[in-house]
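Copied from TrEMBL, the annotated features are:
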type	residues	note
COILED	335-362	coiled coil
DOMAIN	21-319	domain 'BBS7 beta-propeller'
DOMAIN	377-486	domain 'BBS7 GAE'
DOMAIN	494-593	domain 'BBS7 platform'
DOMAIN	599-712	domain 'BBS7 helical hairpin'
Amino acid sequence: MELNLSHVDYLQVGVTSQKTMKLLPNVGRKATQKVAVADHDGVVTCFGMKKGEAVPVFKSLPGQKISRLELGGALGTPQEKIFVSSGSEVRGYTKKGKQFLTFEANLTESINAMHVSGADLFVCASYIYNHYCDCKDQDYYLSGDKISDILCLPVETVGRTVPILACQDRVLRVLQGSDLQYDVEVPGPPTVLELLNRDGGKGGEEVLYGTADGKLGLVQITKSGPITGWELDNEKKKGGVLCIDTFDIVGDGVKDILVGRDDGTVEVYGLDSSNEPTLRFENVLSESITSIQGGCVGKEMYDEVLATTYTGWVSGLTTEPQQMVAGPGDEIKMSRETQGKVAALRAELEQLQVKVLQGREKYQQSSQSSTAVSSVPVFSINDKFTLCQDDASYSLTLEVQTAIDNLLLQSDVPIDLLDVEKNSAVVSFSECDSESNGNFLLATYRCQANTTRLELKVRSIEGQYGTLQAYVTPRLQPKTCQVRQYQIKPLSLHQRTHAIDQERPMNTLRLTGQFSFAEIHCWVVFCLPEVPEKTPAGDGITFYFQNTFLGTQLEATYCKGEANFKSDNISTISILKDVLSKEATKRKINLNTFYEVNEDSVSHTLRMIHPKLEYQLILAKKVQLIDALKELQVHEGNADFLIPEYRSILDESAQLLEEYKKQPAHLERLYGMITDLFIDKFKFKGQNVKTKVSQLLAILNNYELDSLMEFFSEA
C-alpha cells in the first residue's frame with residue numbers, strides 16, 4: 001500500500017535535544033492529542049491543535065537546558081504525567097502544567113538519559129546509571145563506556161525490573177539490580193532504544209535500537225540471554241538514528257516503525273509477513289530529527305508522524321490531504337477555515353515585516369551611537385565528527401540554529417577533503433605554508449542562503465596526528481564566529497570491534513616501565529579513537545580494533561607497569577612505538593621496549609592491500625582511455641567497431657570519472673602505505689632503506705604482487 005503523507009509545520013520552540021517531545025494519550029478514540037515538547041531554554045511547552053492553530057495548554061518558565069522528556073504515571077493507568085531532566089534535576093508536571101515533583105539526583109554530571117516506569121526513575125549521566133524508587137536510591141552501576149540511552153522492559157509484562165543501557169562501545173548492557181547480567185553486541189555505537197510496539201511485543205522483551213552509523217535492529221532480551229532478531233544495514237549512507245517510535249500509520253493493523261535521523265530523514269518501515277522491515281515512506285527535512293512520535297494531532301480521524309527538529313520546529317507528516325486537484329475550467333471554493341488561515345497568515349506576515357523594519361532602524365541608530373556597546377550574539381552548534389566504516393573517512397556534520405554564512409577549515413596535519421553529494425556549498429582553497437608553521441589545509445565553504453546544516457568528509461593519514469579546526473560564521477549581526485576543534489589521532493582510521501582473528505601472523509610490541517594504569521590509558525586514548533576517556537574499572541583492560549581502510553587489526557592489552565600491543569600490520573606497531581615513546585619522554589618516564597616482528601605479517605599485509613591497489617590501477621587506466629575512445633567514437637560516427645571491453649568503458653565513462661573524482665590521491669595513499677611498510681620492516685631490524693624507496697616506486701609503477709613481494713624479501 002502506497003503511503004502519502006503531507007508536511008505541515010505547527011510550532012517552533014527553542015533548540016531541542018534528542019527525545020524531548022511526546023504525545024499525551026488521547027481521551028477519545030480518534031480525538032486529537034496534546035503535544036509536550038521541551039527545549040534548551042528550559043521551557044516545557046504543551047499545546048493542542050484547534051481549527052489549524054496551535055493552542056497552548058501550558059508553558060513553564062525558562063531555566064537550565066532540558067536534555068530529556070518522558071511520560072509516566074501509575075502502572076496500568078494512562079501515562080500522562082510529564083517528566084523532564086535538566087542538569088542533575090528531574091521535574092514532574094501534570095497534563096495541565098502543575099509542577100508536582102522536583103527531585104535533585106545529586107549527580108556530579110548532567111543527566112543525559114532518563115526512563116520513568118511507575119514509581120521507578122532511571123537516570124544516566126555519562127558513565128553512571130542510577131535507579132530510584134519513590135525518589136529513594138535503589139541501584140547504581142558504573143559503565144565501561146559512555147551511556148547514550150536507557151530503557152526498561154515493561155514490569156507489568158515481564159514481572160521484573162530489567163534496565164538496558166545503550167553504550168558507545170557497541171554494546172547494550174542488561175542489568176540486574178546493581179550488577180551486569182550480560183552484554184549484547186550490536187553492529188554500531190547505539191544511540192537510541194525503544195520498545196517494539198511501545199510494549200515490547202508479545203513477551204514484552206523485544207527492543208529496537210538505532211546506531212550512530214545509521215543501522216537499525218531488533219533484539220529480544222530474555223532472562224538467559226539475547227536473541228538477535230533482524231538487522232538493517234545503512235546501505236544508502238543515510239544519517240545516524242536519533243529517535244524511533246512504533247505506530248500504525250498505514251492503518252493495516254500492524255504497527256510500523258518510525259525512524260528519525262540526524263541528516264533530516266524521516267522513515268516509515270512496515271513489517272512484512274516474515275516480520276522483516278521494508279521501507280514504506282521517506283521524507284527529508286533540512287535539519288536533524290531529534291524526536292519522533294506517531295499519533296493524531298492536527299485533525300480528528302487523520303493519523304500522522306510528528307517530528308521535532310534540532311532548531312525546535314514541531315512538524316507533522318499527516319495523512320490528511322493538503323492539496324486539491326482541479327481540472328481545466330473547474331471552480332474551487334475556498335472553505336471559510338482556509339480563508340481564515342490565509343488572512344491570519346497575511347496579518348502575521350505584515351506584523352513581522354513591521355517588526356523587522358523597526359529592528360533594523362534601531363540597530364542602525366545604536367551602531368552609529370558612540371556610547372552603545374556591541375554584544376556578541378550567542379548561537380548553539382550541534383556538531384559530530386565520526387569515522388565512517390565504509391570508506392574509511394571522517395564525516396564532519398555541523399548544524400547551527402540560524403543560517404550559516406561561511407565555514408573555514410584549518411588543519412595542521414595533511415588531510416584530503418572528499419566530495420559530499422548533499423553539500424551545495426562553494427569551496428575554495430588557500431595556499432598553505434606547511435614548512436614554517438605546520439599549516440596543511442585552509443579551505444573556505446561559502447554556503448547558499450538558508451543553509452543551517454553542512455556535511456563534510458575528510459580522510460586522514462595514519463601516523464600523522466594533530467588538530468582540525470572549524471571556524472563557523474552564521475548570518476548574524478554583528479559578525480561573530482565560533483571555533484570547534486577535532487583531534488586527528490595517530491591511528492585515526494582504527495575502529496573498535498568486538499573480536500579479532502587470532503590466526504593471523506602478528507607483530508608484538510611490549511612496553512614496561514614506571515607508569516600507572518591511568519597514564520597508559522591516557523596514552524591509548526591519545527593514540528586511538530573510540531576509547532572511553534575514563535580509566536576503566538579493574539586492574540587491566542583489553543581493546544580490539546580494526547583498520548577501516550585496510551582491514552588489518554590491533555589488540556591492546558595493558559595494566560599498571562605493562563602494555564602489550566599485537567597487530568598484523570607492522571606500520572601500526574611502528575606508529576604506536578614512536579608515539580608512546582614520545583609521550584613517555586614528555587612525562588620523564590623511562591620505557592623499556594621489546595618487540596617481536598613476524599616476517600609473514602608483511603606479505604599478509606601486502607596481500608590485503610593488493611585488491612585495493614589493483615582496482616585503483618585499473619580504474620586509473622580506464623579513465624586515461626576515455627578521452628581517446630570518445631575521439632575515436634566522434635571520428636567514426638559510432639563505437640560498434642571497438643572491442644567489448646572498450647565499449648563498456650565508453651558506456652560507463654560518467655560513473656568511472658565520478659568515482660575517480662571521489663577518490664583523490666587514493667593511489668598515492670596506497671603507495672604511501674606500501675612505502676611505510678617497507679621502511680618499517682627494516683627499521684625494526686636497525687636498517688635504513690630510504691635509499692631504496694625509488695626502486696620500490698619503480699616496481700609499483702609496473703605493479704605485480706609477486707615482484708613486489710620478491711623486492712620486500714630481497715631488499
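Cβ coordinates are placed from backbone N, Cα and C, and glycine is handled just like the others.
Unlike curated entries, TrEMBL annotations are predicted automatically.
The model shown is predicted, which means the values in this text are computed figures rather than measured ones.
For the coiled coil (335-362), the residues of the chain that approach it from at least six positions outside its boundaries are 51-53, judged by C-beta separation under 8 angstroms.
Counting residues per DSSP class in helix, strand and coil order gives 4 helix, 60 strand, 46 coil for the domain 'BBS7 GAE' (377-486). Assigned with DSSP, the residues of the domain 'BBS7 helical hairpin' (599-712) fall into helix, strand and coil as follows: 94 helix, 0 strand, 20 coil.
Residue counts for the domain 'BBS7 platform' (494-593) by DSSP state, with H, G and I taken as helix and E and B as strand, are 28 helix, 35 strand, 37 coil.
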